[in-house]
Every structure is written in structure tokens, then in C-alpha cells.
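Presented below is the structure to which this report refers.
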Amino acid sequence: QECKCHGVSGSCTTKTCWNTLPKFREIGFVLKEKYNDAVHVEVVRANRLRQPTFLKIKKVRSYQKPMETDLVYIERSPNYCEEDSTTGSVGTQGRLCNRTSPHTDGCDLMCCGRGYNTHQYTKVWQCNCKFHWCC
């Protein structure tokens, strides 16, 4: 929820509030965590016509069954490291990576164990620095 105050000279004589959605980055972070913790399930067909089809945990990593808010999957994700025209994945080979980053832009993760070549770049830019004589 966000609020805004209205009034003379910044006073808050009237306050207007409204509901807002979470930031896109926050939603993405939660979805990525759910993706990382997703549970593999398999479809179990009923033997009788009156029984419904349901999902069963494929590999038991704990004795707890997934909650309604957990992410489950039936098929494994494609290998994003390799090019795959059927899924539209262009792979990660030849992309620039950050050698010191532990995140998805880091070479250890992006290069998928293939190794990588390092290049040193020098960037020159206007810094708008000012010199102040102090003493």
C-alpha cells in the first residue's frame, strides 16, 4: 500500500492511500526461489473411470508433500547451456560474463563448466570530479 499526504506547506491534513502490486524485481526473486525449490511430480492415471487423475511426488527429498503455494513440475527444464532450436534456447556459448560475480552473469554459472577466456577492459569516462583545497 502506498499513501500520499495532501495539505498546506506539507502538512498531512488529508491522506490518500491505495493498494499497489509488489515491485517486479521482488516478484521475480520469489519466482526464481520457487523454481529452484520445485518438486518433480509424475501424473498417475486412475484405473477406474470414476477416480480422478492426480500427481504423485517423483523423488522424495523429504517426507512433506508440496504445499499449494509450492511450484511442481512434470518435465525437466531444457539445458539452457546448449543451443536448442526446438525450445528457442540460444545457449550461453560466446556470451560475455563477469568472472567475479556469483550470480547468473558470473562465468562459473554461465559457462556451464566449459571454461572461459579472460580479457581485461579499460573504461574511460567523465567522472565530474572536483578538487577542494582544504588546508
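Glycine residues also receive a Cβ, built from the backbone N, Cα and C atoms like all the rest.
If you check Swiss-Prot, you get these features:
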DISULFID  C3-C17  disulfide bond
DISULFID  C5-C12  disulfide bond
DISULFID  C81-C112  disulfide bond
DISULFID  C97-C107  disulfide bond
DISULFID  C134-C135  disulfide bond
CARBOHYD  N98  N-linked glycosylation site
LIPID     S9  O-palmitoleoyl serine
REGION    41-69  region 'Disordered linker'
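Sequence features, as recorded in Swiss-Prot, placed on the structure.
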{"residue": "C3", "record": "disulfide bond", "DSSP (3 states)": "strand"}
{"residue": "S9", "record": "O-palmitoleoyl serine", "DSSP (3 states)": "helix"}
{"residue": "C17", "record": "disulfide bond", "DSSP (3 states)": "strand"}
{"residue": "C81", "record": "disulfide bond", "DSSP (3 states)": "coil"}
{"residue": "C97", "record": "disulfide bond", "DSSP (3 states)": "coil"}
{"residue": "C107", "record": "disulfide bond", "DSSP (3 states)": "helix"}
{"residue": "C112", "record": "disulfide bond", "DSSP (3 states)": "coil"}
{"residue": "C134", "record": "disulfide bond", "DSSP (3 states)": "coil"}
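N98 (N-linked glycosylation site) and C107 (disulfide bond) are 6 Å apart (CA-CA, integer value). Cα-Cα distance from C5 (disulfide bond) to C17 (disulfide bond): 9 Å (rounded to the nearest whole number).
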